[in-house]
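Asker: Handing you this structure, nothing more for now.
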Amino acid sequence: MALYNFKKIMVVPTAKDFIDITLSKTQRKTPTVIHKHYQIHRIRHFYMRKVKFTQQNYHDRLSQILTDFPKLDDVHPFYADLMNVLYDKDHFKLALGQINIAKNLIDNVAKDYVRLMKYGDSLYRCKQLKRAALGRMCTILKRQKQSLEYLEQVRQHLSRLPTIDPNTRTLLLCGYPNVGKSSFINKVTRADVEVQPYAFTTKSLFVGHMDYKYLRWQVVDTPGILDHPLEERNTIEMQAITALAHLRAAVLYVMDVSEQCGHALSQQLELFNNIRPLFANKPLIVMANKCDVRKISELSEENQKIFVDLIAEGITVIETSSLTDEGVMQVKAEACDRLLAHRVDTKMKTKKVHDVLNRLHLAVPTKRDQKERPPFIPEGALLRRKAMEMDAPKRKLERDLEVELGDDYTLDLQKYWDLMNPEEKQDKIPEVWEGHNIADYIDPEIMTDLEQEEELREKAGEYVSEEESEDEEMQEIRQLASQIREKRKLKILTSKEKDTQGPRMPRTAKKVERATLEKEMADLGLDMTDKDDSHYALRSRSLVRKRKREVSAPPTSRTRSQSASRPPRDQSGVRDAKVVPSDTKIAPKRCVHWTLSYFSQMLKKVKTMMKSSQKEMNRQGKKGESDRHVFDVKPKHLHAGKRKSGSTSRR
Amino acid sequence: DHHERKRKKESREVHERSHKARKMIGLKAKLYHKQRHAEKIQMKKTIKMHEQRKSKQKDDDKTPEGAVPAYLLDREGQSRAKVLSNMIKQKRKEKAGKWEVPLPKVRAQGETEVLKVIRTGKRQKKAWKRMVTKVCFVGDGFTRKPPKYERFIRPMGLRFKKAHVTHPELKATFCLPILGVKKNPSSSLYTTLGVITKGTVIEVNVSELGLVTQGGKVIWGKYAQVTNNPENDGCINAVLLV
């Protein structure tokens, strides 16, 4: 069934795009290299292949279009009629016919030229023939521009049509514009149809789904119908008529009792009588809508007579209001029941029923005595069933209570408890009663376990409390312990405050100021005075050497008190600032400044040189100077595919 | 927000188009640039048209017919001798112009080009058969000579019956059946064989066009000259000789 395939129709390209796609495909997917000196059969085959490839592509694509689009004769008459109304059957068929003709023409062209190419004796001749063939095929397609455009538009519209299954249970709403059909469908289903005060708000068919008696029902909303003869109807009204004519559904004719739609009741009755023939064989209900504005009893005599007449004819008239929900459920139930009965009736009349009926058999147990044994239905179930049918108001929810009381509301779950004595519901639960701990009695077994454990503990002497005399040592220890606890808490707090996102430097890589180090150690109790000679107090070589300028020893062999006094590696190569040429006659004081700045400049330069030499290696992800590993020896994009334009390093 | 999106998309399109035009390479780029060039020409034309309204143009109607600038004024009128020689030249042209055809000169096709040698015989030594490699026309009642004796083979694939004939004044093209080959400019042998090459004069059935003579008779055959190389294009294009 072509029902859901409307969404799966392939996109119909425009003529220009179609040609471009196919030609570029031919150029990419067939071999492109050919030379004059090849053997003639090879040349012929090469060009014949191109012609046939193009023909094949066109043929496939056009056939797909032809099969994708629904054939108006094959789909359900409802869809056939709907498409006729929307897209004009003749135009549609013509367009598809043109495509078919184009397909055949292209096939013929290819056949002719392939036949001719067998007599091609030179590369030039075969090439010209191929060019002529492809050109002809593309011209044929260029002529189909209009048909392709039309089909694309049809396809887009088709995919947006609502999926109405013509065979399942359906309720159909019809009537004048603005009587309240869309509001009804919004109420009953989850559909969200636009409701506006102007007429013809609904311009096409809409579908909503609802459940009743565990079955799925479709509710179809139609655009309003005005009262004129069939020939004068426009596209929008025709859609409604089509739906009425072809769908086997229960019809809900909606009338506006308050005449807010702008048409008098007599006009509505006229329309009703005009489209009466369409209601044949369909369960019909008349909905007197907008009864919250005006009831039937408030109407004038003649209008009331209309309804009386309708009822006399045997048509159910139900007063409804979409605003106040009055009668909506009643209409729904009535319509669904009648439709179901109607469908069962129709099925019974067909021959297929007998197959099913023959297999059904209701087995009744044989009576063994005269005692009456009716089926037992508990009262609660009966009440509930009644409630479901009546749609009785639900019990008051906590939410409603909350809304009512506003600020005074407290959640009191104790009132739902099921106690023997209902007055005790609000009593507070004691913790101890008659010397027993109530919590122990939650689990009846627990008492014995606890008693056992307690006996054991008493034997072990846990409950004997000693008088502890704390001597100084203990007091000190206690103090220290409290200090440690405090410090620990502080550390935890600081670490929590720290921003730990991102990579963290290890503690040893961070530079610690001398002052902080000494302070911390002093806090902990170490003696940190007079620590100038310690290892951490040593500064860089030159600055220290500043104080000991008199001692001029060679750079490399330096005798120091501490072994770790060598200059760091990043400065070891820098030319010694101290080495001043002996014949310079610069004042010593100025000399110091000159060498110091010169040294720092040199140091900076050295550092930049180091970094720039490493930049290239780092960019390529090399481990060092000697790393020669190549990650991708044969990149696929340079070694695969045709050699199109581009250089060797980029294709 | 459909309108907002649409507006933004349109404004982005300009940038994307320029980016594409710069980055594309290869065959795609050639096609694209050709197309774009045509578009630009059109744009320039329309702009020029709009601007024409504003600018002033020379009015050609104001200059009278035959007005000639001063330096072209004749010193004396035409002499009689000149008139006579012109007359003779005219007469000569008329005599030669009985066959005024659209393609007066055409490249001659040699025999090796038109006829291909077919070897036959037990040892493939005999070479008296020839196969026509160009498009040809054979009449309706044509039957081959017995294959053993036929010297010129005209393959079925290369036999054409219809030609696309253009009327030079109406500028309309019709697909008309060929009646026969009148003359092939390269050789009379080709004419008898019915070989159609560029410049051949063929006779076509024009009853479709519904032409009538002054006397009231219906014209049903006319000459046309072939204007393309049919073996390269797969079809015969001709121009009607009126």
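A Cβ is built for glycine as well, from the same backbone N, Cα and C atoms used for every other residue.
In case it helps, TrEMBL gives these features for our protein:
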COMPBIAS  A:554-565  compositional bias 'Polar residues'
COMPBIAS  A:567-578  compositional bias 'Basic and acidic residues'
COMPBIAS  A:613-635  compositional bias 'Basic and acidic residues'
COMPBIAS  A:636-651  compositional bias 'Basic residues'
DOMAIN    A:169-340  domain 'OBG-type G'
REGION    A:489-515  region 'Disordered'
REGION    A:533-583  region 'Disordered'
REGION    A:607-651  region 'Disordered'
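Relative to the rest of the structure, where do these features sit?
Answerer: Same-chain residues lying 6 or more positions outside the compositional bias 'Basic residues' (A:636-651) and placing a CB less than 8 Å from one of its CB atoms are 32.
Averaged across the domain 'OBG-type G' (A:169-340), pLDDT for the predicted model comes to 84.
Summarised by DSSP class, the composition of the region 'Disordered' (A:489-515) is 14 helix, 0 strand, 13 coil.
As a summary of secondary structure, the region 'Disordered' (A:607-651) carries 17 helix, 2 strand, 26 coil according to DSSP.
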